[in-house]
Amino acid sequence: KFTYPTHQIYTAIIRNVILKISIIGILCYYWLNVVALSKVECWETLIGQDIYRLLIADFVCCLLGSFFGEFLLRLIGTKCCKKLGVPEFDIARNVLDLIYAQTLTWIGIFFAPLLPAIQMILFFIIICVKKISLLKNCQPPRKAWRGSQMNTVFVFLLFFPSFAGVLSVVAVTVWRRKPSEACGPFRGLKAPFEAISGWISVLTSSPSSGWVVWIYHNLIKSTHFFFILSIIVLMLIYFFLQIINGRKTMVKLLQEQIANAGKDKMFLLKKLRALQASKLPSLRRQPERDLSLNQLPREQSSVLLPSCVDPFQWTEDGESSTESARHLVMATFNPEAGEITRNAGVSDALILALRARQEAEWEMEDEESLKWK
């Protein structure tokens, strides 16, 4: 069991890569040290036939794996044993199978030049079969796949050890192994690379091809050129690494800014809640004020306000004239009897004055309560 799903993914990838590269490495050692040094009349053809057989066998295994490993498992999981369920599409295994087939194709280019065309047809058939099987028989994988990161891993595996190993095998074959004397375009030479030297010697006598001869002697055979080229490549690698590190630093800074912005929002929300909690008592008194305002008489007579009543003056007993006037108004109207008493002489101006005075008193009370808090 693994703590993280990514550890399980990388472990499966490393295991499959080691297995497949070990198989190809053993085969290449057998071809270059046993078959090439034997007395076989045409050892290049023998190696090409072996690679062709391996590609056909891999193609058949992919088709059988799609049928037995996905189609039959889906039937069993949906019809017979529903606990198994629908099989998952193993992305790592399928991609590594493609890398394995591509590696064999690269090795076979030197020994069987038409092998890439055959492999393109096989790849097209495999992709169509896998697509149909994925849509009909499989479910998405439960493992967490990061597309960009996995793509980088697979491209790196395609370069090393796949492409680098193929270059090593082809280099040993071209520079170190003697071609067959009975067949092949390089028969009669000590090494296939000598064909290039013979071609350059022929071009030396032709003045129009002097630039090709100059490139061969000053670039291809020059160690200084490859030394400078290696330095340029290393500088480019260092430059791109610095760009990647700078982007990682920028990503970290942006993540910190996002975290700080979240903290600021939480702080402002706490302040807003505290402010709302402090204003809650005044908001609770607001319905009572509206109710008292609605209780004031709305239908009044057209009699003018008596000159003896001043709503903005205080009486001798400490009660405001507004309160006394309110009692006067409430006493002059009898809603049950539906009739007006003898003191019903309050006009609309008195009602407006009463409401304005009461609202002013409430505002003063709110200001004093906020000051004490």
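Every residue gets a Cβ built from N, Cα and C, even glycine.
Taken straight from TrEMBL:
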- 12-32: transmembrane segment (TRANSMEM)
- 42-148: domain 'TMC' (DOMAIN)
- 103-127: transmembrane segment (TRANSMEM)
- 153-175: transmembrane segment (TRANSMEM)
- 196-217: transmembrane segment (TRANSMEM)
- 223-244: transmembrane segment (TRANSMEM)
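Averaged over the domain 'TMC' (42-148), the predicted model reaches a pLDDT of 87. When the stretches 12-32, 153-175, 196-217, 223-244 are ranked by Cβ pairs under 8 Å to the transmembrane segment (103-127), first place goes to 153-175. Across the domain 'TMC' (42-148), DSSP classifies residues as 84 helix, 2 strand, 21 coil.
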